[in-house]
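A.B. asks: My structure is below; once you've seen it, I'll send some questions.
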Amino acid sequence: MASTQQQQQLSAIKGAKVLMVGAGGIGCELLKTLALSGFQDIHIIDMDTIEVSNLNRQFLFRQSHVGQSKAKVARDAVLRFRPQISITPYHANVKDSSFNVDFFKQFNVVLNGLDNLDARRHVNRLCLAADVPLVESGTTGFLGQVTVHIKGKTECYECQPKPAPKTYPVCTITSTPSKFVHCIVWAKDLLFAKLFGDKNQDNDLNVRSNDTATSSDHSEDIFELRKDEDFQQYANRIYDHVFGHNIQTALSNEETWKNRNKPRPIYVKDVLPDEPVQQNGSADQMLVKDSLSSLSAMSYLGLKNPQDIWSLKENSRVFFAALKLFFTKRQKEIGNLTFDKDDHLAVEFVTAAANIRAASFNIPLHSLFEAKGIAGNIVHAVATTNAIIAGLIVIEAIKVLQNEAKNCRMTYCLQHPSRKMLLMPVEPFEPNKSCYVCSETPLLLEVNTHRAKLRDLVEKIVISKLGMSLPLITHGSSLLYEVGDDLEEDMVANYAANLEKVLSELPYAITGGTNISVEDLQQELVCNINIKHREEFDEEKEPDGMVLHGWTPAPASENNKDATDNNGASTSSTSKSAPAVMEDDDELSIMEVGVETVSAVGKKRKLSDVPHPETLVEDKRAKKIPEQPENNGDVVVMLDDGNDAA
């Protein structure tokens with residue numbers, strides 16, 4: 001009997017055509033495990049190239065592979081020990097139009113090892129449209145999970161809400177920081193962007209004060225190098241402005257500090273009184289022998305351990321050294337730079353700037369290692385967790401291929417044993433009847449139809465919240481908006497004009513009581529949205545100026561530590577001032593969660609009897625199951641106080 005079962009299993013494995021999406025930390029382990037388990041036809045999609053930071057856990061890659069396609073190198077590495085199997089790599093974005101529903105229909109199962117929420121939702125929708133089972137996964141440090149999604153039998157990936165990113169108003173970041181993460185956001189998304197990014201980008205580095213006009217005038221050309229000053233004078237002026245003048249201006253508003261500790265302005269003369277920072281002059285000798293990729297303020301200053309917490313004086317030295325390296329050796333990049341956690345010089349600059357600001361506001365300083373983790377939303381991965389999760393993915397995939405959906409399990413990998421178990425299996429949940437993706441339940445949008453433009457609807461709702469890539473919006477039989485490469489020029493111009501029109505002034509007006517249909521042709525997803533007119537919105541709580549019901553992300557926890565992400569999902573929510581971070585690979589993680597057991601091991605439970613993790617959080621008397629680590633819990637997004645323009 002056992003032999004027959006084994007033969008059936010082997011036959012299912014050998015005859016399967018499998019699609020892997022993602023060739024990173026989980027992907028490397030998964031491809032190896034699939035090959036060793038007997039799978040003969042494997043396809044891999046990954047748009048990333050190999051970076052040095054990948055090498056400590058993505059074992060299929062070597063130093064010589066840096067800069068090459070992950071999918072192609074992974075294929076070559078596995079074929080060395082399994083040359084008889086077929087592995088087809090695609091160095092591309094899974095959202096490319098070539099990976100459509102017909103492409104997905106050729107596979108027996110899809111296995112996800114992705115790193116962001118947007119791509120996960122896209123794959124989920126394509127699998128639903130193609131009626132192909134999906135096995136999802138994610139890891140965060142010692143935590144991980146594998147979930148199975150089968151159309152009509154289990155919930156889809158979007159049946160349950162994903163935690164929203166933690167948000168901070170601009171006024172908190174610029175005027176009243178109380179946590180180190182506030183200082184990081186300020187240094188990364190304001191100061192770094194202002195000095196090295198797009199000069200035309202709206203960016204307010206001045207505190208909110210009663211004399212806002214004066215502040216604006218003063219900062220108009222403060223970041224431009226003047227003709228009559230050398231670099232050191234310029235660097236000192238920047239330092240004194242952002243760490244001294246801005247703080248002094250903030251202190252002038254007495255009301256702000258009635259119930260807060262007052263910050264202290266910091267000026268160059270106070271921190272480096274005996275050093276006019278000419279110490280950096282000899283940096284040129286270092287620059288001659290160092291390549292651009294290895295430029296380091298730490299190396300020049302003799303700071304070796306990234307886990308040391310620098311003093312205010314050391315942070316100031318790093319600030320000046322990093323600034324000079326950017327302006328002397330990377331000047332061609334200035335104006336086009338964005339913060340990258342793998343750009344060591346950028347991390348040094350952000351760490352130093354954040355620490356100087358933290359010192360001003362009496363916030364504990366952090367090491368470069370810690371600051372990089374917060375700035376890049378990093379919780380370092382554990383390779384063993386990736387290996388365990390990859391094994392569990394294959395186990396569930398084999399069940400799916402043998403049509404044993406009733407035996408499939410959502411399995412959670414725990415950090416600490418619970419009832420002597422580190423792996424917690426739970427029966428999958430039934431589809432959520434209120435899910436707008438797999439159950440086609442209408443959504444409700446509250447919006448001021450006399451103020452909001454079609455562009456607001458497209459960017460803030462259709463793309464940001466509903467995750468559509470190629471949206472088509474109709475009102476009855478009338479087409480209001482469409483995206484595509486095959487559109488006539490006059491149609492493109494017409495749709496572009498519609499974007500700038502207020503909803504109630506469109507050719508086919510959208511007003512209260514209107515029902516519109518939003519469709520994504522690539523995902524083959526259709527959403528019906530009922531419109532409810534609403535005059536006013538709370539600028540702080542409802543910064544989009546519109547509220548979508550039926551799509552409700554879980555609230556971000558206020559008790560979590562600084563910003564983190566995960567091996568698989570970051571938020572797709574965005575803001576004008578500080579877009580949400582979508583990082584790559586499984587060194588990204590989320591907060592650790594407490595875990596209790598669901599039921600006695602082996603006890604059978606119906607799908608309808610098992611509460612979902614989100615409901616268990618609210619019921620303190622209920623026994624908890626592990627929360628899914630794939631869900632990003634504390635990514636930082638900075639809100640623009642309700643002034644977000646389309």
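The backbone N, Cα and C atoms fix where each Cβ goes, and this holds for glycine too.
According to TrEMBL, the feature ATP binding site maps to 22-27, Asp46, 54-57, Lys70, 115-120. Marked as Zn(2+) binding site by TrEMBL: Cys156, Cys159, Cys435, Cys438. Feature annotation from TrEMBL assigns compositional bias 'Low complexity' to 569-578. Annotation source TrEMBL lists compositional bias 'Basic and acidic residues' at 607-627. According to TrEMBL, the domain 'THIF-type NAD/FAD binding fold' annotation covers 7-436. Residues or ranges marked as domain 'Ubiquitin-activating enzyme SCCH' by TrEMBL: 328-372. TrEMBL lists 445-537 with the feature domain 'Ubiquitin/SUMO-activating enzyme ubiquitin-like'.
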A.B. asks: Which residue, out of the binding-site residues Asp46, Asp118, shows the minimum number of other Cβ atoms inside 10 Å of its Cβ in this structure?
C.D. replies: Asp118
A.B. asks: How many neighbouring Cβ atoms, not counting its own, are there within 10 Å of the Cβ of Cys156 (Zn(2+) binding site)?
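C.D. replies: Result for Cys156 (Zn(2+) binding site): 23 other Cβ atoms within 10 Å.
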A.B. asks: Compute the mean position of the Cβ atoms of Cys156, Cys159, Cys435, Cys438, which form the recorded Zn(2+) site, and then list in sequence order the other residues of that chain whose Cβ is within 8 Å of it.
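C.D. replies: What remains near the Cβ centre is Leu128, Glu155, Tyr157, Glu158, Pro431, Asn432, Val437, Ser439.
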A.B. asks: Within 10 angstroms of the C-beta of Gly22 (ATP binding site), what count of other C-beta atoms is obtained when all protein chains are considered?
C.D. replies: 33
A.B. asks: In sequence order, which same-chain residues at least six apart have a C-beta under 8 angstroms from Cys159 (Zn(2+) binding site)?
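C.D. replies: Non-local contacts for Cys159 (Zn(2+) binding site): Phe429, Pro431, Asn432, Cys435, Val437, Cys438.
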A.B. asks: Tally the residues of the domain 'Ubiquitin-activating enzyme SCCH' (328-372) by DSSP class, grouping H, G and I as helix, E and B as strand, and everything else as coil.
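C.D. replies: The counts are 24 helix, 0 strand, 21 coil.
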A.B. asks: Looking only at the domain 'THIF-type NAD/FAD binding fold' (7-436), report the model's average pLDDT.
C.D. replies: 86
A.B. asks: For the binding-site residues listed here (Cys435, Cys438), tell me which residue's CB has the most neighbouring CB atoms inside 10 Å.
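C.D. replies: Buried the deepest by this measure is Cys438.
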A.B. asks: How big is the Cα-to-Cα gap, in Å, between Cys156 (Zn(2+) binding site) and Asp118 (ATP binding site)?
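C.D. replies: Rounded to a whole number, the Cα-Cα distance is 15 Å.
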A.B. asks: Count the other Cβ atoms sitting within 10 Å of the Cβ of Asn56 (ATP binding site), across every protein chain shown.
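C.D. replies: Around Asn56 (ATP binding site), other Cβ atoms within 10 Å: 12.
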